[in-house]
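These come from TrEMBL:
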- 12-30: transmembrane segment (TRANSMEM)
- 36-58: transmembrane segment (TRANSMEM)
- 70-90: transmembrane segment (TRANSMEM)
- Thr110, Thr111, Gly219, Thr318, Asn434: K(+) binding site (BINDING)
- 132-154: transmembrane segment (TRANSMEM)
- 187-206: transmembrane segment (TRANSMEM)
- 235-253: transmembrane segment (TRANSMEM)
- 274-291: transmembrane segment (TRANSMEM)
- 332-353: transmembrane segment (TRANSMEM)
- 392-419: transmembrane segment (TRANSMEM)
Amino acid sequence: MIRLRVLLSNLGRMTVIIGISMLTCLIWTLSYRENITGGIILSAGITIAVGLILVYAFKNQDSLNYKEGFAVVTLGWLLASIFGALPYMLTGYLPTFADAWFESMSGFTTTGASVITDVEALPKGLLFWRSLTQWLGGIGIIALFVAIISNIGVRANQLFKAEVPGPVSDKISPRIRETAKTLWKTYAVLSLACLLTLWALGMNFFDALCHTFTTLSTGGFSTKNSSIAFYSSPFIQWAIIIFMFIGGTNFGLHYITYKKRRLTTYTKDSEFRLYTAIVVVATLLIAINLGDDGGFLKGFEESIRIGCFQVVSIVTSTGFATTDYNLWPSQAGIILLLMMFVGGCAGSTGGGIKPGRYLIIMQRTVIELRKMIHPQAIMPQRFRGRVLNDNLIINVFQFFFLYILVVVVGTVVMCWLGMDFLSGLTASVTCMGNIGPGFGQVGPTSNFAMVPALGKYVLSFEMLIGRLEIYPLLVMLLPTFWHE
């Protein structure tokens, strides 16, 4: 059975963390004397008050059980997005709940889809909040919760596994709380490196900070209407390519590489090799296609840079843009569409299906073909040095089927609401994969403002389903989850 006292007490603590995070926006609203200070304070006050009420009204120190772990993860993300919508609503910039919740959910799930038509008109405080939600959602607000709450209990492992994406959960430390702490420390150090790099290359400090939050988290929110295209500097674009790629890489690999001082940690990882190969091949194909397209782009470096930027942006599910790829040749567009189904590595900040799952599916396919020739042979399947059991392999195939099913349902709903097929398809794909912009009406120079309210709710749930990788949310929909 679900113990409501334990569940609500832990959700209250998470809500307090979100409210305290809102208060950091006051640094900018007060510095620039913006008229949204009252709205930010009210938003933070409501959030912290609700959190404290839950903590003290349902005060409980018991450990979470298996089911409660799933519930805290799913409801924690849902509450974060709901309370995260308050700054948009109470400052008056997104007065409807559908718009504010969409923007908030897009932030926390690091999707990067937006309903704001003029980003540059927003006050600094709200721009910072948009970026901060993506940074908090990058490694995960649940991982942050596990890292800072000392008495979370023996089921912290369940929380962590339910949130951190990928087919196989890797722990840096035998203690899950230490693993969460290590991931957040690695995340913070890389964020500092990104901030200093962008600042040194010419961005002002505020823009560098906001883009750091949304680059390493593979979120994609920008402080500029034209996204990264605003910055014509090739050096800034290459720097963002590098940090997006880092964000899409397993953070466990970053930490192990640092500890062992060996870059071979990356090259020995099969998922990282596939991830890199996909980026390189897709970049070369697009660069060649752009170069052959009647002088669409001038120069080898520019073709490589723009092709690489969009490939890395889409594969890692960041969603930044330096050009309107709606205008690209159809061959390049098809490649980008395929890249939307890839995703970053397991244990990264990236969304999507994940290269690791494709590896497991390909390995299993080869094994089944070999078994047709040698039906009596025993052929164990390995991934990252460990033998995979049949349940995990079945789980991967089920995930792939459910992922495509959700995308199809989302596409049908979007087309039923009046969108053309390409726009409806890519809106569903990019929200499920936490990517952001798609093609057509939701392309890189457009946004989701024209989507009807019902469509925004559907896409918001797709963002949540994609970020939690389907199962935690579906498990909670089973009647037996709550009663048995």
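The backbone N, Cα and C atoms fix where each Cβ goes, glycine too.
Just so you know, TrEMBL annotations are computer predictions that nobody has curated.
Taking the features listed in TrEMBL, we show where each one sits on the structure.
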| residue | record | Cβ contacts under 8 Å, 6 or more apart |
| --- | --- | --- |
| Thr110 | K(+) binding site | Gln134, Gly137, Gly138, Ser217, Thr218, Gly219, Gly220, Ser317, Thr349, Gly351, Asn434, Arg467 |
| Thr111 | K(+) binding site | Met105, Gly219, Gly220, Ser317, Gly319, Gly351, Thr430, Cys431, Asn434, Ile435, Gly436, Met463, Gly466, Arg467 |
| Thr318 | K(+) binding site | Gly112, Thr214, Thr215, Thr218, Gly219, Gly220, Met244, Gly247, Gly248, Val312, Gly350, Ile435, Gly436 |
Legend entry - Distant-in-sequence neighbours of the transmembrane segment (187-206), which means Cβ under 8 A and at least six residues beyond its ends: 28, 124, 127-128, 135, 138-139, 212-213, 215-216, 223, 231, 233, 235-236, 239-240, 243, 246-247, 251, 254, 349
Inset, instruction - Would you kindly list the residues that approach the transmembrane segment (235-253) from elsewhere in its chain, counting only those six or more residues past its ends and only Cβ-Cβ distances under 8 Å? - result: 138-139, 166, 170, 172, 183, 186-187, 190, 194, 197-198, 201-203, 211-212, 215-218, 228, 265-266, 269, 271-272, 275, 279, 305, 308-309, 312-313, 315-318, 320, 322, 344-350
Inset, instruction - Report, as a single number, how many Cβ atoms besides its own are within 10 Å of the Cβ of Asn434 (K(+) binding site). - result: 31
Legend entry - Cβ-Cβ under 8 Å with the transmembrane segment (12-30): same-chain residues at least 6 beyond its ends: 36-37, 40-41, 43-56, 58, 72, 76, 79-80, 83-84, 86-87, 123-129, 132, 136, 141-142, 144-145, 148-149, 206
Legend entry - Cβ packing number for Gly219 (K(+) binding site), 10 Å threshold: 34
Legend entry - Residues from the same chain, set at least six apart from the ends of the transmembrane segment (332-353), whose C-beta lies under 8 A from its own: 109-111, 138-139, 164-168, 170, 187, 216-219, 247-253, 271-272, 275, 278, 282, 285-286, 289-290, 307, 310-311, 314-318, 325-326, 399-400, 403, 426, 429-430, 433-435, 438-439, 466-467
Legend entry - Three-class DSSP secondary structure - Asn434 (K(+) binding site): coil
Inset, instruction - Show, in sequence order, which residues other than Thr110, Thr111, Gly219, Thr318, Asn434 on the same chain lie with their Cβ within 8 Å of the centre of the Cβ atoms of the K(+) site. - result: Ser106, Thr109, Gly112, Gln134, Gly137, Thr214, Ser217, Thr218, Gly220, Ser317, Gly319, Thr349, Gly351, Ile435, Gly436
